[in-house]
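Shown next, in structure tokens, is the structure this report addresses.
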There are 2 protein chains.
Amino acid sequence: MSAPAQPLRLGIAGLGTVGIGVVKIVQRHAEMLTARTGRPVTITAVSARDRTKNRDADLSAYAWETDPVALATRDDVDVFVELMGGHEGTAKDATIAALNAGKDVVTANKALLAHHGQELAELAEGAGRVIRYEAAVAGGIPVIKSLTEGLAGNAIRRVMGVMNGTCNYILTRMETAGLPYDTVFEEARQLGYLEADPNLDVGGIDAGHKLSILAAIAFGTKVSFDNVVLEGIGCISIDDIRRAADMGYKIKLLGVAQMTGRGLEQRMTPCLVPAASPLGQLQGGTNMVVIEGDSVGQIVLRGAGAGEGPTASAVMGDVLDIARGLRLPTFGQPATSLADPIPAAVSAPAPFYLRLQLVDKPGALAKIASALGDAGVSISRMRQYGHADTTAPVLIVTHKTTRDAIDVAIAALPGTGVVDGAPVALRIEEV
Amino acid sequence: MSAPAQPLRLGIAGLGTVGIGVVKIVQRHAEMLTARTGRPVTITAVSARDRTKNRDADLSAYAWETDPVALATRDDVDVFVELMGGHEGTAKDATIAALNAGKDVVTANKALLAHHGQELAELAEGAGRVIRYEAAVAGGIPVIKSLTEGLAGNAIRRVMGVMNGTCNYILTRMETAGLPYDTVFEEARQLGYLEADPNLDVGGIDAGHKLSILAAIAFGTKVSFDNVVLEGIGCISIDDIRRAADMGYKIKLLGVAQMTGRGLEQRMTPCLVPAASPLGQLQGGTNMVVIEGDSVGQIVLRGAGAGEGPTASAVMGDVLDIARGLRLPTFGQPATSLADPIPAAVSAPAPFYLRLQLVDKPGALAKIASALGDAGVSISRMRQYGHADTTAPVLIVTHKTTRDAIDVAIAALPGTGVVDGAPVALRIEEV
């Protein structure tokens, strides 16, 4: 008989839904996990703010640490599982302490990676440790693994994604229920779908964190969240959702990262996508990531982006890789070899959707067309709607143009004297 | 200065589109691959049937072997890349020879794995070698990796997939062009979409191979292709495609593997799926795999299932894992620990779609309903179509029932005297 394999011992900091989800998997599937990795996966110690809180799992067999740093550095912990969140303070301190103490780290903390990914990766790799973070991006979808490993033979052309379920829920619900943004936002708040700071969701920050992590892997550059162009969904009206649908599009908070001749482009902005595309068909809180490689073409990954089970599944995928001895640099290649990204000053050309309120008088449409033409924007499709008022909604889909040209055109429109209020301009992403 | 890392040296047998695709990636991306794996990936030797054939890549730097076994056992080859195909003969011999000579193996050969997976896995693991086969299932989609690694924390409930692009092309084309099966089959043949033995495609064998491989990983059982229930798409008429669409469904050649209380169920059969589901929306030659886990819920993976680039991308993913030292047992857990599958004698209950030609006389529908009722089949929805003839098409969607009960009902229908010809019965898979 051979000696039993050494167990892999976890220390889990943070016992919210995800932490408890991880505990449940370890408890429920002990035998299966051992069969798959060749060694038992156990929990040594846990930590959370409030020990007395009633939690949906039996934690009595685990040591309790009040201080996550103490947890992270325990001699009987092999892997520090960081599920506290927040990109400064304890989460960061405990992660650094764990790496310095020779522990591997598994985290669901997108903000931590987006803000300190390079520093942490260098620290980990210098110490011969790994940081794994599948749960930080798109919940249960194995997108980090697919991009870093499965598609590693590809020069990545573009990574896109709907990666904030709350925003997609809000936009979908506005459309299906015909409700304005503010009402649905309030619904989402009451359903507990929003972060304590809702701007993390609806401002695109949370999804922007995720995009910056994917971009680093895809393009071999240092994570640069500061260079993500962020626009939230607060500007999206039910009118735009309906008009876009009329033209065959859906509006999504879409992340796009691509390396262009002008540099690295990272955008997390509301975009129109074709209604019949996989991204256009995505309803509710589900996430989707689209990866385009020079050999593989387009790969689409779809699944739950949040929640106890899906996020814990991703955490466990990382834990099991460590148990099996599968070890890679944080972003797929050594952190010291990652390039400083040169942010693209302008985004790649695209068609745009324009909505404006036309003052209905003779020659008005011609004035619009002329103002757009002067800005170098040419019209692909235009639609004027019937109206009861003195103004009429007009929709325009342009040919491919630049954001700059669109901004020039929008700035010129008030001068025509035939546009009421501020026009709306949204990029149409070709997917 | 540290010594340069040892290159990983490939020997490639089979220089069809996939083999040449691999050569092109190695040549085009030498620098990127080295950055990602920390060592150069090189090609030492190649082999194919016809040396004189004009190929779309410069092979002059590689040794040529006429005998794939000789290639597989060369001292200067680390990884034998088997892209010849076929589950007996040279592909098998060379794979065994490679493993015995201490080489790792990367293959795109689904038939080889489906028929000899257990034997090869035991051989490889006994020799401390790996066999990797991402390219064998669903082309460029990283499904083997997702299932084996990313989702390893889940008890898998069900794996489904559209994994033969040719069949999905035929079914989609029948619908969009309104053409009968035979015509589209002939089109597909002329376009070169069909295997030399078309039954591998339209009979479901090729897709069945893939399903049996996924089932082994998902359920920790030995590959058992012989237990896959196979039905081809030759029985699908344009009428069924249209009628199914009327009821909100699409017809797909759908693979389903699930572990039930009655044992392991593996089916590769034409099924109806909701038109609005990701599987229902899949058009043309694209592949899709749906994985359902107890924690993660439903993960959907979509991409090109064949072709030079996508398949070569999958081969390279495996090669790069080996270059990076990521090594796992063939089916995720040691081959000797895989269970003998107990095939389910009956498939899980489901709603069924029935189409029959009703002889139009008073009380006819009642007789049908009664015959179904006697077989224990209850009706959820029924639709009778207008007709110019003495018979009328009738569509029935049943409540959940068993295939056995449906078969009993179908056997009883001719006895009613009101059914013309043979009824069609197709399972409706709840996705």
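Placement of Cβ uses the backbone N, Cα and C atoms for every residue, glycine included.
TrEMBL: automatically predicted annotations, no manual curation.
Per TrEMBL, the features are:
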{"type": "BINDING", "residues": "B:LYS110", "note": "NADPH binding site"}
{"type": "BINDING", "residues": "B:GLU195", "note": "L-homoserine binding site"}
{"type": "ACT_SITE", "residues": "B:LYS210", "note": "active site, proton donor"}
{"type": "DOMAIN", "residues": "B:353-427", "note": "domain 'ACT'"}
DSSP assigns the residues of the domain 'ACT' (B:353-427) as 25 helix, 31 strand, 19 coil
In chain order, residues whose C-beta lies under 8 angstroms from the C-beta of B:LYS110 (NADPH binding site), counting only those at least six residues away in the same chain, are B:TYR133, B:ALA136, B:VAL137, B:ASP206, B:HIS209, B:LYS210, B:ILE213
Close in space but at least six residues away in sequence, with Cβ under 8 Å from that of B:GLU195 (L-homoserine binding site), the same-chain residues are B:THR166, B:ASP201, B:ASP206
Cβ atoms other than its own within 10 Å of the Cβ of B:LYS210 (active site, proton donor), all chains, total 28
The residue listed as 'NADPH binding site', DSSP three-state class -> helix
Here the mean pLDDT of the domain 'ACT' (B:353-427) is 92
